[in-house]
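One structure below.
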Amino acid sequence: MSKRPHSPQESDIGTKRPRPASPKPFNPIKVATPEAAAAVDANPPAKQLVEALGDVVKNPDKGDCVVYWMRMHDLRNNRAFSNACEQARRDEIPVIVLFVFSPQDYIAHDRGARKIDFTLRNLAILKKTLADMDIPLHTVTYVPRKKIPEKVLNLLGSLGCKRLYANIEYEVDELRRDIKLCELALPQRVQINLSHNKAIVEPGVIFAPSSGKPYAVYSPYKKQWLKIVNDKLEHYLEEAADPTANDPSVRESETFGPLFETEIPSSIPGFELDDADKTKMTEVWPAGESAAREILLRFLNTKARTSQLGPVNPLADGAEDAAKHNRVVKYGGDRDRADKDTTSRLSPYFSSGVISVREVFRTTMRLFDIKKIDVNSNAGVGTWFSEIIWRDFYTDVLASFPRVSMGRPFQEKFSAVVWENHQSPEESRGPASKDSDSEALSRWKQGKTGVPIVDAAMRCIKEMGWVHNRPRMIVAMYLTKHLMIDWRVGERYFMENLIDGDLASNDGGWQWSASTGVDPCPYFRIFNPHSQSTKTDPSGDFIRYWVPELSKVRGPDLHTPSTSIVDKLKYPRPIIEHKEARERAMRRFKNPGST
């Protein structure tokens, strides 16, 4: 979907600035040049930030408060918040929580309205929880994004804050923002404290012993991850200490008292959901850490239910406890089944930090009396753990090879592959208009490709803001290999429509499917969507639910309906046949640049 920023009103403590009469459209460059990507890879911003943190102010004045800057991956108690509370307790001053809305960053990262709405709903719950501890959650909106470091420091000055705490975000733009923050804070004698929190094993720890370089293949990364974590299990799975409440007198402060009155907006201009979609997202994805924990416990303790196939509340009544046949125990054999409620559905909560991955490991290990993480010892739990470790891997890739967050393929040799796009990402500084979609791309987005499993998955995304991982792979492979449409177009569409959008995991998945990324699917391995359909939806329930035109079709015809069937049922014929598509993709990937 195309978005244009509205130039939200900026606000600080007690100040309001008028909205510009004619704001210039914000159209960030989506794809860096090969030269720019190579330069960033040669000197990663993550490394630069670590160096900058070595030069921060060592012994600042105590100040009047400690500020914790909460970010989009941190919507719960976490390391930075815990550290900020501990510092405030030692100094006997209050801790203040800050959240910065940056619409230009949302545009640059293709964050969708569903993701923003989920963030706002979680912030509303957090604000009440923190207020009960006499901790204010203050929100501000800053435009332009390049001024955020300066504006945050100005805000800290107005609060009398000399210590800022936050967790590190690993996208290039955010790393550069924090590097600038460190630079500007030095002359103001403000101490910047940034923590690793998103991954269990932070980027930069795991590397190939022979080369000293980060891994670009998952299997050896996972092997090292398991060794490192199991050697210091308590350290890596330790959760942050609970936050310490402020003294109630903070509410009487002329400076801090008004912060309790800051409202969490119901929407961000340019990222509004219509009422029906907002209601559905609230039902299907309940906000809050308590809801996330209950969803986890349902996955660990209850059977799969056919009633949970579609856009329904994951905490609906009727879940049946089962010690030996619960979803996680059967995950090893059922994880690719889209026709059953076999997955945890925790991805939105992981990507927003509403539940800690460390907590997920600890809870699961305690329930199954697991002393060491072994991805092979338990077919269900071990397989699930292995899938979660992929999140750490892709975060490590994002920090170690920053080119992937700049719209570049990890394997630059495939940048010359000829795509069928109406418009290449290099030619578009901002999101392409819906009106300019090619017919093939439009049919893919609408779930009208004529391939039932693809259409079911795309309609699920449109309705639910989420879809099972195996169908994600199928539709991504179909777009990039059958329709030969640039993977970055699909990556953007997912980020704009999925409630669990996460740049690291989303880019990793799309580049895997397009054979352009780290540890990719080989270019000559091209999913046959019809055979994939029989594997991921053997009962046909997933297709019949999401593609009602085919609701009465049974057997093999459901996965590969004949021309007579589709014409009779008014279901579209396939855009392209598999054999023809495969031959074209093989030709173009084998010799990038050829048509």
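Each Cβ is built from the backbone N, Cα and C atoms, and glycine gets one as well.
Taken verbatim from TrEMBL:
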- Tyr331, 343-347, Trp384, 387-394, 500-502: FAD binding site (BINDING)
- 423-442: compositional bias 'Basic and acidic residues' (COMPBIAS)
- 63-200: domain 'Photolyase/cryptochrome alpha/beta' (DOMAIN)
- 1-33: region 'Disordered' (REGION)
- 421-444: region 'Disordered' (REGION)
- Trp419: site 'Electron transfer via tryptophanyl radical' (SITE)
- Trp487: site 'Electron transfer via tryptophanyl radical' (SITE)
- Trp510: site 'Electron transfer via tryptophanyl radical' (SITE)
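Trp384 (FAD binding site) sits 35 Å from Trp419 (site 'Electron transfer via tryptophanyl radical'), taking the Cα positions as reference.
Distance from the CA of Ile389 (FAD binding site) to the CA of Trp510 (site 'Electron transfer via tryptophanyl radical') is 18 Å. The number of other Cβ atoms within 10 Å of the Cβ belonging to Ile389 (FAD binding site), over all protein chains shown, comes to 23. Neighbour list (Asp500 (FAD binding site), Cβ cut-off 8 Å, at least 6 residues apart, same chain): Lys115, Ser347, Pro348, Phe350, Ser351, Trp466. If you take the C-beta of Trp487 (site 'Electron transfer via tryptophanyl radical') and look for same-chain residues 6 or more apart in sequence within under 8 angstroms, you find Ala476, Leu479, Thr480, Trp510, Gln511, Ser513, Ala514, Thr516. In this model, the domain 'Photolyase/cryptochrome alpha/beta' (63-200) carries an average pLDDT of 98. Taking Cβ-Cβ distances under 8 Å and a sequence separation of 6 or more, the neighbours of Arg345 (FAD binding site) in its chain are Ile295, Phe299, Pro314, Trp466. Taking CA atoms as the reference points, Asp392 (FAD binding site) and Trp419 (site 'Electron transfer via tryptophanyl radical') are 31 Å apart. Residue counts for the domain 'Photolyase/cryptochrome alpha/beta' (63-200) by DSSP state, with H, G and I taken as helix and E and B as strand, are 67 helix, 30 strand, 41 coil.
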